[in-house]
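Input: a single structure, listed below in structure tokens.
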């Protein structure tokens with residue numbers, strides 16, 4: 001076999017350049033920069049866009065998601081739980097591209113070894129033969145140049161090489177272990193995102209009670225039932241023939257009532273408590289933003305208002321049955337701070353009709369908790385301190401009544417009558433008092449007939465006692481027969497002292513205020529020329545025992561010291577004042593409402609001359625606000641108008657500042673120095689005792705103590 005010549009390249013010099021001639025192809029390749037230029041030449045397609053550098057640098061991001069674009073999105077399945085077809089929200093995004101049914105055999109098992117050995121024999125024999133032949137050719141190529149260079153050192157005949165190849169083919173080789181690869185086992189982690197399935201929330205409940213009823217009906221039973229029905233119809237016809245026309249009408253009315261009662265028997269009386277809870281839950285979800293404001297909202301603008309404040313409207317309470325009735329009374333429940341009572345009637349003498357007593361809760365603003373109706377308008381009410389389920393009301397026709405919230409019927413539990421000494425004019429105010437010596441319930445009432453009556457509940461009956469009869473001073477005259485005639489004073493409002501049980505104040509239509517005592521029925525303790533028109537309300541200060549407040553239709557609110565006949569403060573509000581109320585958290589804060597629809601809040605410790613809040617409350621100017629009341633715990637007030645609406649308002653932080661503590665220290669001269677809000681005054685030391693005192697409730701603001709008792 002002739003030896004192969006090694007491949008060689010010849011260089012042919014042409015001029016200055018040097019070219020290489022490839023012997024195989026016969027082409028000439030120029031050396032230098034031309035070779036690199038040819039390899040880097042770019043070819044652009046004719047339809048390529050011409051883009052700027054900014055457009056070339058712009059990136060277009062493509063996001064690979066695991067969602068199957070061909071998966072259906074509107075699968076509907078039947079829900080046995082709800083009994084309807086429902087849309088399935090979760091769609092399986094898995095797409096199967098290849099599946100094959102087969103058997104897996106462990107490679108370490110006997111069957112696996114046999115199959116692997118069998119496959120290696122088939123593939124290994126062919127590969128080994130090819131490998132041996134290629135190695136023999138390589139050996140020959142390597143031996144030929146060695147013989148040429150070294151001469152004839154060793155002569156290896158071709159027969160020996162053939163013998164070696166035959167020996168290698170005859171000797172069996174151990175097959176190599178091959179790893180079985182799965183061509184379809186490739187996966188990219190970024191694209192195999194698993195979508196978590198949605199979980200179904202279910203609740204377990206007790207199954208409703210069930211009873212199995214079975215009966216058989218035959219022709220005889222059906223016939224007997226028809227016969228009984230015919231006999232009943234004949235009996236009813238005979239009874240109707242025997243009745244008179246009037247009796248027939250009464251019978252028809254009774255039948256209608258019976259049918260109406262039967263139709264109403266399928267109401268929700270059995271699930272009243274559950275329905276009330278669900279109703280409150282729905283209302284709290286509906287008025288969630290108002291509840292959040294009531295609990296957490298504070299007006300941050302008060303810091304920049306220079307001690308002034310605002311009122312935030314919260315809920316509005318109204319009922320269709322009391323739509324055209326004015327709010328004549330408001331009272332918070334002493335035990336449940338979210339419950340208040342509203343009395344509805346009319347202040348117009350020419351438009352007197354029915355009355356209503358409604359009790360609302362802030363937990364359910366849409367509908368009252370209790371509804372009581374009356375034939376005459378309710379003009380005043382009060383709730384008992386120890387028995388918060390007892391509500392006493394005064395009517396326009398002069399009657400007083402006691403409602404018991406524990407009893408479901410709408411009629412009052414106790415009611416006065418003409419025999420039991422009812423008033424002859426409208427009852428303008430009622431107040432519960434402490435029980436008498438025999439632990440009988442006791443309350444007072446005042447009316448335009450000039451009588452102040454004490455009512456006592458004795459053996460389920462109301463017993464009255466006239467405490468005092470109001471007389472206009474200077475109006476007593478003698479008749480021809482020697483009898484003394486006097487003009488009766490019309491009482492409009494009264495209030496009892498917080499500490500002195502026997503003392504109380506009475507306001508009249510003539511504008512006078514009388515200080516009276518339960519022990520004296522013939523004369524007054526004192527008389528104040530308070531107002532020029534009827535006194536609408538009088539109220540003692542809850543902290544200071546000497547101070548009381550009055551308001552009138554003459555546009556004024558006056559603050560008094562009952563030991564002095566002239567008022568300490570007079571405020572003109574430019575409209576008739578319907579009601580006033582002291583705040584339960586401070587001795588210097590009070591609120592007043594006027595007929596022009598505004599609410600005024602005063603704080604004497606901040607400003608003694610004008611209100612720190614004047615805000616319209618009702619939507620229309622024609623609406624008149626009639627009453628106002630502070631909540632005993634929460635920083636809110638409720639106001640009622642003549643359209644039957646009650647609005648709840650939240651006081652801003654400037655309107656509910658707590659007063660400073662009153663501190664008393666001993667001076668150098670043996671006198672006690674009382675300091676309050678920076679002002680001080682010396683008082684003679686009454687007795688030996690502790691040199692430093694703190695009063696949790698301030699008796700009086702600095703404005704009430706330091707200012708002279710004059711206008």
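Counting begins at 1 with the first residue displayed.
Any Cβ shown, glycine's included, is placed from N, Cα and C.
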Discussion item. Which range is it, out of 1-48, 49-96, that shows up in TrEMBL as region 'Disordered'?
Written reply: 1-48
Discussion item. Can you work out which residues elsewhere in the same chain, 6+ from the ends of the repeat 'WD' (528-561), have a Cβ less than 8 Å from its Cβ atoms?
Written reply: 492-500, 505-515, 567-582, 584, 586-587, 590, 592, 594, 697-700, 704, 709
Fill in: Secondary structure composition of the repeat 'WD' (528-561) [DSSP: H/G/I, E/B, coil]
0 helix, 20 strand, 14 coil
Worksheet item: What is the average pLDDT across the repeat 'WD' (528-561)?
Response: 89
